[in-house]
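Peer 1: When I checked Swiss-Prot for this same protein, it listed these features:
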type: BINDING; residues: Asp489, Asp495; note: Mg(2+) binding site
type: DOMAIN; residues: 556-615; note: domain 'KH'
type: DOMAIN; residues: 625-693; note: domain 'S1 motif'
Amino acid sequence: MKTTVTTSVGGKQITIETGRLAKQADGAALVSSGNNMVLVTATSSKKASELDFFPLTVEYIEKFYATGKIPGGYFKREAKPTNDAVLIARLIDRPIRPVFPEGYRHETQIVATVLSADGAFPLEILASLGASAALHCSDIPFNGPTAAVQIARVDGQFVANPTPQQMEKSDMDMIVAGTRNGLLMVEGETKFISEADALAALKFGHQSLIPLLNAQDELREKAGSVAKRAFTAPSIDADFKAKAESLLRPKIAAALSIKEKQDRYAAANEAAAEAEKALLADIADKELLKQRKKELNSIVEDLKYQEARSMILDRAVRIDGRDVKTVRPIANEVGILPRAHGSGLFTRGETQVLGTVTLGTADDEQMVDSLLGLQKRKFMLHYNFPPYSVGEVGRMSGTSRREIGHGNLAERAIKAVLPDFEKFPYTIRIVSEVLESNGSSSMGTVCSGIMALLDAGVPLKGNVAGVAMGLIKEGDRVAVLTDILGDEDHLGDMDFKVAGSPAGITALQMDIKIDSVSFEVMEQALAQAKEGRAHILNEMEKVMKVPRGQISEFAPRIETIKIKPDKIREVIGSGGKVIRGITEATGVKIEIQDDGTINIASADPEATKKAIAMINDIIAEAEVGKTYKGRIVKIAEFGAFVEILPNTQGLLHISEISNERVRAVSDVLKEGEIIDVKVLEVDRSGRVKLSRKALLQ
């Protein structure tokens with residue numbers, strides 16, 4: 001039976017419907033606002049998996065029919081998800097994952113399908129709402145509901161779920177997700193806002209999503225409040241657990257006191273191997289042996305979790321010996337790659353990232369065929385996380401969702417300081433190569449990227465750095481950690497990344513593993529993050545603070561000239577003939593914009609100079625009183641037509657040919673002849689009157 005509820009956020013009506021579509025899924029919700037509709041389904045296996053983690057997958061699918069379009073390409077159907085679709089899938093996943101009950105191991109899949117879109121409402125908000133609503137109304141164990149809103153600030157006022165027009169005027173673009181208890185996820189970019197403004201935006205976001213939570217509760221009640229299915233969480237034999245913990249606890253505690261990551265892992269693995277030999281050697285039953293091995297691995301991880309957190313809360317000492325606020329040692333280098341246009345190596349503790357910058361022309365822009373039309377991107381950041389960066393062997397086939405997500409965060413952090421395209425008309429590509437990783441390689445990417453941009457001579461508006469904050473919370477005891485290790489991310493309760501400059505924040509991202517985080521904790525984390533990134537930025541600027549005076553000798557030089565818009569067609573020519581001729585003659589790349597801005601790119605300054613001269617000749621206009629060397633293109637009874645400039649001809653009347661009387665023009669002049677003429681007049685219609693006689697006097 002169809003059930004519908006309607007609510008409003010930010011003055012925009014949102015409707016959630018269930019019971020009409022996709023009824024064989026465990027849960028389904030159709031969420032709509034105006035002409036925007038997203039169908040979200042939730043399905044969970046009835047049988048528990050043997051994995052030691054919760055196997056949740058989220059798919060976000062954009063259908064081109066949603067905007068009345070047919071996909072491009074040969075096959076004319078939707079292909080693999082775009083980067084934007086992957087990022088939205090991650091936004092759906094991140095707030096719902098910590099809300100599933102502990103120990104639930106059933107394979108679960110969320111599929112969000114865009115059915116209709118006009119660009120007036122953020123689809124990721126509808127999809128996130130639909131995922132929670134589908135789970136909330138199903139029998140799948142889920143401790144929701146959750147909801148998300150997009151936050152902008154226009155003319156000093158916060159706006160929930162803004163329109164594209166409002167976003168153009170906004171100094172922030174943040175997505176906030178949570179429950180009634182507090183926030184679960186934050187993702188956003190800002191234009192140098194203060195920590196106080198960021199906190200105010202988060203509070204506004206939390207208040208704005210409450211109506212969406214109420215609507216889901218109403219929908220569940222109206223749909224019949226289906227009982228949640230029972231499940232059995234993995235358990236460990238109590239006697240075996242007691243023996244294993246007694247044997248392992250001191251060894252795990254000793255291992256966690258080792259500062260170097262690989263040595264620490266080796267010591268923990270050795271302790272686990274010794275425990276396996278001591279506790280499992282006499283087990284003959286293969287199934288029981290398999291079960292006990294799984295249990296032993298779980299016990300080892302639990303002990304790491306307990307001991308690491310105890311060290312921090314009881315003694316204020318972290319795994320690598322630091323206190324809660326200290327940033328790991330930092331080392332920086334620039335210009336280490338001779339042919340790259342810019343390069344920077346950023347090392348913080350056992351995290352090392354190589355950033356490279358390549359400068360290109362308009363031909364190098366990324367073009368993305370999206371639901372709402374073709375998008376052009378002049379700035380790209382690609383993040384690579386090879387398995388060797390964590391000392392492992394692994395497959396290297398394509399870009400992972402994690403790599404796309406981390407790259408996007410770093411891209412948003414850096415975007416705020418890039419020069420305006422009008423002042424620096426280059427396509428910019430940053431590539432981040434994570435060479436070593438032990439925590440916050442995405443923030444390392446921000447730092448190495450900035451140093452590579454400075455090395456490349458890009459005139460940045462300022463420098464930014466990033467730091468990852470962590471949280472350990474046990475009851476009322478709380479420790480906020482600056483510059484977290486990989487283990488602290490894994491064993492902690494929060495991963496809160498903040499990037500910016502002394503002037504303010506440019507990007508932030510938060511994910512938590514507990515039911516919520518208070519605003520007091522977030523305020524403390526933002527304050528510590530400000531201190532941390534100021535320290536990191538100071539270390540970076542010891543090596544390089546301002547851009548190099550010029551770009552790399554291997555980068556294309558781009559010169560910009562401005563012409564009248566009505567002259568553009570003359571430069572392009574019929575079918576592109578003229579502009580093609582210029583590029584073939586000089587080897588340059590030419591980009592023409594609608595406002596008459598022309599960018600000429602070449603590694604050869606002489607070629608650029610020649611191309612500019614050719615363009616100036618094409619667009620030149622006849623000047624009264626100026627002498628030109630022209631070619632006679634046509635003889636008439638009353639005079640001759642002379643081409644004095646490309647696309648510009650003037651009339652040399654028979655009376656202006658000579659001081660002597662001329663009986664016939666052909667007696668004096670011939671077609672193709674080159675003569676000197678003077679411009680006497682240019683009338684309102686652009687017709688040019690010439691004289692040869694004036695030069696003979």
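Backbone N, Cα and C atoms are what each Cβ position is placed from, and that goes for glycine too.
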Peer 1: Summarise the domain 'KH' (556-615) as counts of helix, strand and coil residues per DSSP.
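Peer 2: Its residues divide into 32 helix, 16 strand, 12 coil.
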Peer 1: Whose Cβ, among the binding-site residues Asp489, Asp495, has more other Cβ atoms within 10 Å than any of the rest?
Peer 2: Asp495
Peer 1: Is it possible to list how many residues within the domain 'S1 motif' (625-693) are helical, extended or coil according to DSSP?
Peer 2: 8 helix, 36 strand, 25 coil
